[in-house]
Structure formats: structure tokens, C-alpha cells
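Working notes, structure below.
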Amino acid sequence: MEAPTPLLLLVLLTTITFFTTSVADDQTAMLALAKSFNPPPSDWSSTTDFCKWSGVRCTGGRVTTISLADKSLTGFIAPEISTLSELKSVSIQRNKLSGTIPSFAKLSSLQEIYMDENNFVGVETGAFAGLTSLQILSLSDNNNITTWSFPSELVDSTSLTTIYLDNTNIAGVLPDIFDSLASLQNLRLSYNNITGVLPPSLGKSSIQNLWINNQDLGMSGTIEVLSSMTSLSQAWLHKNHFFGPIPDLSKSENLFDLQLRDNDLTGIVPPTLLTLASLKNISLDNNKFQGPLPLFSPEVKVTIDHNVFCTTKAGQSCSPQVMTLLAVAGGLGYPSMLAESWQGDDACSGWAYVSCDSAGKNVVTLNLGKHGFTGFISPAIANLTSLKSLYLNGNDLTGVIPKELTFMTSLQLIDVSNNNLRGEIPKFPATVKFSYKPGNALLGTNGGDGSSPGTGGASGGPGGSSGGGGSKVGVIVGVIVAVLVFLAILGFVVYKFVMKRKYGRFNRTDPEKVGKILVSDAVSNGGSGNGGYANGHGANNFNALNSPSSGDNSDRFLLEGGSVTIPMEVLRQVTNNFSEDNILGRGGFGVVYAGELHDGTKTAVKRMECAAMGNKGMSEFQAEIAVLTKVRHRHLVALLGYCVNGNERLLVYEYMPQGNLGQHLFEWSELGYSPLTWKQRVSIALDVARGVEYLHSLAQQSFIHRDLKPSNILLGDDMRAKVADFGLVKNAPDGKYSVETRLAGTFGYLAPEYAATGRVTTKVDVYAFGVVLMEILTGRKALDDSLPDERSHLVTWFRRILINKENIPKALDQTLEADEETMESIYRVAELAGHCTAREPQQRPDMGHAVNVLGPLVEKWKPSCQEEEESFGIDVNMSLPQALQRWQNEGTSSSTMFHGDFSYSQTQSSIPPKASGFPNTFDSADGR
């Protein structure tokens with residue numbers, strides 16, 4: 001026999017060594033696991049072969065299975081379990097184990113993990129990375145786990161069939177990874193703190209059973225993705241904040257159980273759902289479903305109470321007029337605000353935004369303008385044969401203008417301006433006043449003969465060839481218009497000449513000391529009482545300031561193409577030459593002075609520190625101000641104008657008479673205030689949430705405040721709040737998760753990731769909002785050096801308090817008088833504060849969900865009526881006649897818009913209507 005070669009001996013020796021080492025590693029891991037159990041199973045002894053221990057299976061001396069379910073085990077799971085490289089199945093469910101679930105990363109053979117119903121308090125970061133063979137992950141009912149996020153590393157576990165993570169304290173949004181999990185059939189995530197929308201990738205999955213019900217803060221968005229989930233058998237989405245209609249589920253031929261109760265769903269129950277043969281159980285109660293009461297098959301178990309159906313008899317249709325209006329709402333995605341008002345089977349019985357004839361039978365006006373609606377214009381509007389006026393302006397509508405509208409014989413006015421419509425411009429009869437400008441940049445220019453497409457006026461008749469009489473009328477109208485335009489221009493030139501003469505005669509001011517101020521007319525709303533700059537007078541204030549009879553000549557402004565030029569002395573006069581007595585506050589960006597005009601209107605004038613402005617150029621500064629002056633939100637302090645004088649820059653804001661939230665929380669006794677009631681505190685918190693929500697997600701772009709704190713939350717006479725100090729606002733670029741920036745903000749309110757890396761996302765503001773909530777609850781400052789170290793940092797201390805709910809009453813502001821009902825509200829706010837201050841940004845909710853949590857608490861008290869807030873700005877590129885025309889147009893139409901105080905569940909309800917031409921962005925300020 002030939003002797004083995006040295007190479008063969010080396011390979012054999014290496015193999016034996018590796019096998020021996022692997023077995024030894026398994027022995028070490030199993031002994032560590034035995035020590036971590038208290039006590040271990042009785043036969044788990046170091047003196048016996050671990051492969052013979054109860055619940056352990058081996059193959060070739062390597063551990064492949066650990067099965068210890070229902071053994072009443074205590075202790076924890078040793079991290080050495082991650083070295084069992086041949087492990088295929090772990091079953092340790094229904095025990096009393098605690099500690100952290102260790103990492104199983106890179107155990108490529110692992111197929112099953114069962115750890116349900118234990119007392120684990122955490123999950124190792126990346127615990128499930130690299131588990132390419134994993135089929136089942138079940139951690140249900142471990143609700144002591146510290147808040148964590150859905151493990152996105154599961155994207156590599158393409159063999160997964162089942163994920164059970166219900167009641168495990170998951171927070172944040174779901175990653176959009178489910179199209180990568182082609183084998184996934186069961187996804188159970190109920191009873192967590194998941195927020196955000198259903199990921200679109202669910203539509204490309206093969207999921208059969210989807211349980212995502214009972215999220216603490218509630219998921220939101222539509223459920224449209226269900227229409228693509230053709231493998232669905234069971235879908236539990238109840239107890240969330242989903243909105244919009246039920247999609248077409250006719251392709252889900254195996255769907256037998258659909259739970260949609262307790263959401264904000266709207267619209268008509270689709271007929272395809274009524275005929276779905278597989279359906280056996282459905283819950284629709286406690287939503288806002290509209291239209292006919294659906295008639296399901298007798299075999300289907302249905303709960304459907306507490307909706308807004310037009311009839312009480314199943315299968316009975318609504319009146320034609322109601323069905324038409326619901327079709328119109330359908331084009332807009334069935335907005336919740338319409339569902340709340342459009343109830344019953346008579347559209348003339350108090351439906352909002354609908355006006356009827358004197359007989360109370362036919363709709364003659366439909367006013368859906370200035371609500372930020374999305375969607376398209378439904379051609380069903382043409383079925384409203386008596387309709388005279390249709391307002392759809394100031395929304396975000398897309399698509400085309402239906403040609404059916406041109407055949408409405410009663411129609412006299414249609415306004416679709418300030419939308420994003422496209423396609424051809426329909427040719428309306430000459431009797432119809434048709435407005436489509438400004439906005440609608442993609443809308444065609446082939447309008448009728450009666451108006452220029454550039455003006456968006458009334459269009460002429462089709463073709464414009466109705467006879468010689470029509471042509472003569474057109475010529476006459478054209479001549480009259482030309483004469484009026486000429487006279488307006490002539491008057492403007494004369495006016496400008498006279499004003500320049502007066503300016504030269506009475507204001508011997510060095511041209512270098514003349515500033516420019518851009519003024520916007522901010523109508524005071526319920527949030528600012530009489531403290532707003534406009535003081536409730538609207539355009540009258542503008543006229544008073546510019547009238548020669550308004551007082552001293554130093555108050556006479558020169559209008560030049562929309563800009564208003566004033567001497568620096570005007571601001572000196574209204575602030576008593578920037579007297580120390582007029583100082584309202586100081587900040588890193590300047591000093592704020594109280595100012596009072598001759599008519600008694602109060603303003604706040606911020607004199608910017610030169611050092612704070614840095615090297616910012618004049619053109620950049622003006623570009624920023626041009627944006628800030630054109631937008632409004634009822635919970636953001638309004639910037640009214642600015643003045644530039646050489647290197648000095650001044651900002652003019654509305655005045656907020658009740659100071660800031662910090663004064664009412666921490667200095668109320670010294671300042672002679674009464675302590676805030678719980679009602680006032682929750683209302684203020686909701687106002688702030690709505691303002692910041694608008695910055696983050698409801699404006700055209702996303703903006704980050706970066707310095708949210710009580711001193712930047714200002715209060716009006718009715719104690720409604722507005723967010724101020726936008727000197728630090730950062731634009732969040734589209735498509736980027738975060739922005740690297742120079743550190744700004746205030747210690748105590750800085751999110752951990754921002755303080756550590758300087759990378760900022762909207763979750764930085766969410767963290768600061770959580771700190772403010774804690775201050776509202778406790779009456780304590782975010783940082784208080786007068787307290788012992790363990791209590792000086794509010795977030796750290798309060799999060800310890802939250803571990804035991806019974807400790808919360810002891811931590812509250814002693815001025816609060818809380819009954820049982822109030823305490824329930826306090827617990828909700830305390831819980832929200834904890835979520836907002838989670839250490840990991842992805843575990844924090846967005847501000848929209850803060851609004852949804854706080855809204856129902858405020859709704860109980862019905863706080864001060866939120867009046868309509870119209871906002872008007874003068875664009876720097878707009879001529880005076882154009883500005884005056886805008887004011888006239890707004891004055892004739894705005895009074896009928898935006899009635900009522902809408903439900904907290906509609907984030908759009910926190911957006912006041914804007915003047916036409918204003919972008920959907922944000923307004924900011926640092927004054928009072």
C-alpha cells in the first residue's frame with residue numbers, strides 16, 4: 001500500500017482540527033447557555049454530553065435544534081448562542097426569560113426562531129442580519145422590549161414565510177422591503193407603535209395574512225395598496241388612522257376576513273366588495289363611509305354602525321343630487337372634511353360648501369376652493385343641472401377640465417385658478433366667467449374669444465363666430481378695456497410723480513439711509529387676537545400707512561412696483577428710537593423691540609445683529625424674505641415685512657401680546673400670570689404640533705426648525721400658540737434622509753444624533769417637541785442646574801418616570817388640578833412625549849401623528865373658534881395695479897371660503913387658506 005502524501009495528510013489533519021474546534025465551540029456555547037438559565041433544565045450538566053440534554057438535537061456532534069418551550073425558564077439567553085453555526089431551530093417561547101435578545105447574525109443555517117411570550121427588554125442591533133435561510137421569526141408578546149424599529153436587515157432573509165412581531169413595542173415607520181420577501185405569507189405586527197403609511201412594496205408581495213391593527217399612535221395614509229395584494233386572505237387594519245376610500249379588492253379572490261373598523265375611511269363601499277364570493281367577515285364600523293348603506297350577502301358577518309350613510313335601509317340608493325356630489329368628492333379622494341359634513345340624503349339641508357336655490361331643492365353653488373384638495377375634477381359635476389357657481393380654486397388638482405362642464409346651461413362662474421391642471425382649455429359660452437389664472441402652468445392656451453389666456457378671464461363662445469352683433473360687442477368691450485388700462489397707467493404715473501415730489505419736500509433723508517420694506521397684509525386670526533400686525537383691519541391698515549392724512553410725513557411710503565420704500569426713521573419712530581424700554585427680548589440673531597403705529601397697531605421689530613448675519617449677501621437675504629412674506633399658517637408667527645439700511649437689516653413681525661410659553665410655565669408667578677390650565681396646555685401643544693407638521697410635510701417643501709423650545713412658542717390673547725424664531729430653519733432637500741449642517745439650537749432640546757453628528761432630519765424637531773411636552777407636563781425646564789445631577793436633565797429623568805405609570809402623577813406640575821378624566825389625557829400626552837424623545841430617530845413618530853394624538857384631547861373642550869385666516873402679500877415683481885386687482889378679487893371671494901373648525905384627524909384642517917399665487921411653503925419669525 002502506497003504511503004499517503006504529505007498534502008493529503010495536511011488536508012486530513014486540517015479537517016479533523018476544524019471539526020474538533022467546531023464541536024468544542026458548540027460545547028462552550030451550550031455551557032454558557034446553561035449558566036444563563038436560572039435554573040437550567042435538570043439534565044443540563046457539564047458532566048454529560050450536551051447532545052444528550054433535553055430539548056437539544058445534534059447532527060454529527062453539532063447542535064441543530066434547541067427546543068425549550070413552556071419550561072418556566074428564567075434568566076437570559078447567553079450571547080454565545082450566536083456561535084452555534086449549524087443551528088437550524090430555536091424554540092424558547094412561553095417562558096420568563098428577560099435580558100436582551102442576542103444577535104443571531106450570520107447563522108446562515110438558522111430557519112426558525114420562536115421566542116414568543118417572554119419578558120425580554122431589548123433586541124440586539126442587527127440581531128437578524130445575514131439569516132439567509134430564515135423561514136419563521138416569532139417574537140410576539142414581548143411588550144417589555146425597549147422601543148425598537150422593524151428589523152430592516154430581514155431584507156436578506158428571502159426565504160421568510162412568517163413574521164410575528166405583534167405586541168413587541170416596535171415604533172416608527174415600516175421599511176419598504178416586502179417586495180424582496182417573495183415567500184412571505186404571514187405578517188403580524190399588531191399592538192405596536194408603528195406610524196406612517198403602508199409600504200408600497202406590500203403590493204408586490206405574496207402576503208396572505210396581514211395583521212397590522214391597534215397601533216398606539218395609529219398608521220395613516222390610504223389603503224390603496226391592498227388592491228395589488230391579490231393573495232390576501234385576511235387583513236386586519238382596524239384601530240388606526242387610515243383615510244380615503246376602500247380600493248377595488250375584486251382581484252383578492254381568497255379574501256375572507258377584512259377588518260377596517262375604527263379608522264377614518266371615507267367614500268362609498270365599492271360594489272365589487274359586495275359581490276366578493278370569498279368574503280365571510282367584515283367590520284366597517286366607526287369610520288366615515290358615505291353613500292348607500294351596503295347590502296352584503298346573508299352569509300357575510302357584518303358590523304357597520306357609526307358611519308355617515310345617506311340611508312338607513314341596506315341597498316337603498318341615495319338621491320341623484322347626493323350621488324353626484326359624492327362622485328365629485330370621489331374625484332378628490334373623498335376628503336374627510338367633506339364626509340363629516342355631507343351627511344344624510346338632502347344636500348340642501350346644511351351641507352358645508354353647498355348653497356341651494358330659494359326652494360331648497362337644487363344646488364346652485366359649490367364652493368370647494370382653498371382647501372388644498374388633491375385629485376381631479378369629476379365630470380359628474382355636469383349632472384348638477386342648476387349649478388351657477390363652481391369654485392375649485394386654491395387646491396392641488398391635476399388632470400384636465402372635463403368638457404362636460406361646457407354644456408351646463410345654468411353655469412355662470414367657474415374658478416379653477418391656482419391648481420396644477422393641464423390639457424386643453426374648454427370653450428365655455430360667453431355667459432360663463434371662467435378663471436384659470438394664476439397657476440395651471442401646463443394648461444393649454446387655446447381659450448375662447450372672450451378673454452386672453454394670459455388673464456384667465458371669461459372665455460368667449462365656441463369659435464367666436466356667432467354673428468356681426470357679437471363681433472361689435474367684442475370690439476366695444478375691447479376699446480373700453482384699453483381705455484381703462486390706459487387711465488390706470490396714467491393715474492399710477494401721476495401718483496408716483498406726486499409722491500416723489502412729497503418725499504423730496506418733506507423727507508430730507510440721505511438715500512443711503514432709505515430702506516425697503518415688503519409688507520404683507522396678515523389678517524389676525526384666533527391665534528393672535530388683537531396682537532397681530534394687521535389688528536383685524538386687513539387692507540385698511542395698508543391704506544392708513546400710505547395715506548397722506550395718516551400723520552407724520554415720515555410714515556408716508558413710496559410704492560415702487562410692489563415694493564414699499566420707507567426712511568429708516570419710520571422704524572426709529574415706532575420703536576422710540578429703539579429704546580431700551582421697548583425691548584421685548586434678545587437672542588443670538590438680534591434684539592426684538594415693541595413698535596406701535598399711529599393707528600395703535602402693535603408690531604415687533606427685530607434689529608438683526610451684523611455678526612449674526614455673517615456674509616449673507618443682500619440678494620440672498622431678499623430671496624429668503626420674498627418667500628417668507630408670501631405664506632401663512634395660523635400657528636406660525638407672521639413675518640410682515642423687512643427694512644434694509646446699509647449693512648443693517650430689520651424684520652417686522654406680528655405682535656403676540658401674551659409673551660412666550662416659557663414665561664407661563666417657569667416665570668408665571670414673577671410676571672403676575674395665572675398658571676396654565678391643562679386645557680390651555682394641551683391646546684398649546686396641539687397648535688405647536690400643527691405648525692411644525694406644516695413645516696415638515698404640508699408645505700411644498702420640507703423645512704426643519706432646529707430650535708423648537710418654549711421661548712419660541714408665542715401666545716395670543718386667547719392663549720393660542722404660534723411657533724416663532726425661524727432664523728435657524730433649514731430646507732430639507734428632496735430625496736435626502738438628512739442634512740449635514742453647522743450645529744444650531746439649544747442644549748436640552750438637541751436630539752442625540754444631531755448633537756453627535758450635526759446631521760439633521762425632521763425627527764430633530766420631533767425630539768424637541770417631546771421635550772416641550774415634558775416641560776408642559778412637569779413645569780420644569782429641559783436643563784436645571786439647581787437640581788441634583790440625576791434630575792437635572794428632564795428627558796433622562798422623565799423617561800425613567802414613564803417606566804412605571806403610577807409615578808407620573810408625582811412628576812406633574814403642582815399647579816395642575818387633575819381629575820380622573822384629565823389624568824387619562826395626561827397619560828396620553830406623557831406617552832407621546834416618551835415616543836417623541838426616543839433615542840433613535842426612526843423610532844420617533846412624525847408630527848402628523850402628534851396632531852392625531854393631541855387632537856381628540858382638545859376636541860373635548862372645543863377651544864376657541866379658529867377663524868378664517870386669509871393672507872395677502874405683495875410680490876416684489878408685481879405692479880401696483882396687479883396688487884390692487886388681487887386684493888379686490890380676494891375681497892369678493894374669500895368671505896365664502898373655509899367655514900368651520902374641522903376635525904383634528906384632518907391634517908389639512910391646520911392649514912389656513914392662502915391668497916392666490918402664494919406658494920405652499922412656510923412663514924417664519926422671531927418676534928412677538
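The first residue you see is number 1, and the count goes up from there.
Backbone N, Cα and C atoms are what each Cβ position is placed from, and that goes for glycine too.
It should be emphasised that the depicted structure is a prediction, and the values quoted were computed from it without experimental measurement.
The signal peptide annotation in Swiss-Prot covers 1-24.
Taken from Swiss-Prot, the feature disulfide bond covers C51-C58 (among others), and the record attributes it to similarity to another entry. A C-beta separation below 8 Å, combined with a sequence spacing of at least six in one chain, links C51 (disulfide bond) to R57, C58, G61, V63.
Taken from Swiss-Prot, the feature repeat 'LRR 1' covers 61-84. Within the model, the repeat 'LRR 1' (61-84) carries an average pLDDT of 94.
Per DSSP, the secondary structure of the repeat 'LRR 3' (108-130) breaks down as 0 helix, 5 strand, 18 coil. The repeat 'LRR 3' feature in Swiss-Prot is assigned to 108-130; the stated evidence is a curator's inference.
The repeat 'LRR 4' annotation in Swiss-Prot covers 132-157 and is backed by a curator's inference.
Annotation source Swiss-Prot lists repeat 'LRR 8' at 230-251. Note on the repeat 'LRR 8' (230-251): residues 185, 190, 205-215, 218-224, 257-270, 272-273, 275-276, 283, 330, 333-334, 336, 849, 852, 905 of its chain, located 6 or more positions outside it, place their CB under 8 angstroms from a CB of the stretch.
Positions annotated as disulfide bond by Swiss-Prot, on the basis of similarity to another entry: C310-C318 (among others). Under 8 Å, Cβ to Cβ, and six or more positions away along its own chain, C318 (disulfide bond) finds G291, P292, C310, T311, L326, D345. In the three-state DSSP assignment, the secondary structure recorded for C318 (disulfide bond) is coil.
DSSP classifies C348 (disulfide bond) as coil under the three-state reduction. The disulfide bond annotation in Swiss-Prot covers C348-C356 (among others).
Counting residues 6+ beyond its ends, the repeat 'LRR 12' (384-407) has Cβ neighbours under 8 Å at 321, 324-325, 332, 357, 362-378, 413-429, 435-436, 443, 893, 896-897, 913-914, 916, 920 in the same chain. The feature repeat 'LRR 12' is assigned by Swiss-Prot to 384-407.
Every protein chain shown contributes to the tally, and the Cβ of G590 (ATP binding site) ends up with 23 other Cβ atoms within 10 Å. Among the features that Swiss-Prot reports, ATP binding site is placed at L584, G585, R586, G587, G588, F589, G590, V591, V592, K606.
Sequence annotations record features per position, and here Swiss-Prot assigns compositional bias 'Polar residues' to 898-911 (among others).
Feature annotation from Swiss-Prot assigns compositional bias 'Polar residues' to 918-928 (among others).
In sequence order, V354, C356, G360, K361, N362, V363 are the residues near C348 (disulfide bond), counting only same-chain partners six or more apart with C-beta under 8 A. Here the recorded positions are C58, C310, C356, L584, and the one ringed by the most other CB atoms within 10 angstroms is C310.
Ranking the binding-site residues R586, V592 by how many other Cβ atoms lie within 10 angstroms of each Cβ puts R586 at the bottom.
DSSP assigns C51 (disulfide bond) to a helix.
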